[in-house]
Amino acid sequence: MKEKIVLAYSGGLDTSVAVQWLIDKGYDVVACCLDVGEGKDLDIVYKKALDMGAVECHIIDATKEFSDEYVSYAIKGNLMYENAYPLVSALSRPLIAKKLVEIAEKTNSVGIAHGCTGKGNDQVRFEVAIKALNPSLKAFAPVREWAWSREEEIDYAIKHNIPVSINHDSPYSIDQNLWGRANECGILEDPYAAPPEDAFDLTNALEETPDAADEIILTFDKGIPVQIDGKTYELDDLILTLNALAGKHGIGRIDHVENRLVGIKSREIYEAPAAEVILKAHKALETITLTKDVAHFKPIIEKQFAEQLYNGLWFSPLTDSLKLFIDSTQQYVSGDVRIKLFKGNAIVNGRKSPYTLYDEKLATYTKEDAFNQDAAVGFIDIYGLPTQVNSMLHGGYSNEQ
């Protein structure tokens, strides 16, 4: 009896070629495809996997689990790698790895294969997660092992009658899920080349966006968006709704050269319409619901959390601890944020919360002012005392210092 290998199967070039390669190596291939909100026709993927020679194909709808257990932390933690990338692909990898391990254990497979190259981040994310969840499973990386170029893969697919949706003229590598869309390769590898419009799918070009703005009210409950204009949604449906609405206005395009875990720089084109709107609104709500010290410290945790996720360390003690901290900050992050969507911009123009720490009577400069300005004199004396003592001891500061 042949040994079984579970393959993370997407139906794209890398994994379609990998099926044939694993079969040639003498394995039975168990294909596994997850739906994490990308809108892919999974019936076609299922049929294609079997047509390619897989002995089984498991289709798993993990969209709700993805939104509730993973995207929720991206929102509560305002997660952005290098202050630019909302972790579109990185966010889905630990969930995919988890499901692959479950299928491998269910089918008595000896290992798990993926279609990642040897120069990308995903190989690390998948294999580190798999080792954390089940160290006895072997990892197989066909694309990394054969070290083919993208052009050689395409030629191999053509030679073996493997249907793929890309060609030499449009060799994009695309990954999409509920939280957004990532695109690389082809002309995008030149960091000075303007991305052509065929590199985008979720967002309109600015020239094609409406000339009238849409204004929405996004309601949050403990850090999670739950309503648009008073209508309640499950998180996954809310994100899909915002993707369509914000994408219509050209919101969420990101052109970023990022520092990969493996040490190289990579130019990526991302589309994340809902993510841009939600994260801006969430940050705005936090400005009135978090205390100053938490508001100043939380970004430090957010940066570390984003790097943990980007670097494939979701299943780690540190990440578990970071999640607990993030959760503890969100107890009172509830309320409404008003946002205008227009010509590529998500503009926050109002926020309110039953737990607001903003006191208008303390902030106002009108006659309603309740702030005790006399208290400022003593505060300044105490606050500036260390500087004053230092200056007296060392003779003060000159303009040259």
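Backbone N, Cα and C atoms are what each Cβ position is placed from, and that goes for glycine too.
The feature ATP binding site is assigned by Swiss-Prot to A8, Y9, S10, G11, G12, L13, D14, T15, S16, G115. For S16 (ATP binding site), the number of other Cβ atoms no farther than 10 Å from its own Cβ, over all displayed protein chains, is 27.
Positions annotated as L-citrulline binding site by Swiss-Prot, on the basis of sequence analysis: Y85, N121, R125, S173, E258, Y270. The local packing around Y270 (L-citrulline binding site), expressed as other Cβ atoms within 10 Å of its Cβ over all shown chains, amounts to 26.
Taken residue by residue with DSSP, D122 (L-aspartate binding site) is part of a helix. As annotated by Swiss-Prot, L-aspartate binding site applies to T117, N121, D122, with the evidence given as sequence analysis.
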Cβ atoms near A8 (ATP binding site) (within 10 Å, other residues, all chains): 24
Under 8 Å by Cβ from D122 (L-aspartate binding site), counting only residues of that chain that are 6 or more apart: S89, R93, H114, C116
If one measures from the C-alpha of E258 (L-citrulline binding site) to the C-alpha of D14 (ATP binding site), what distance in angstrom results, rounded to a whole number? 23
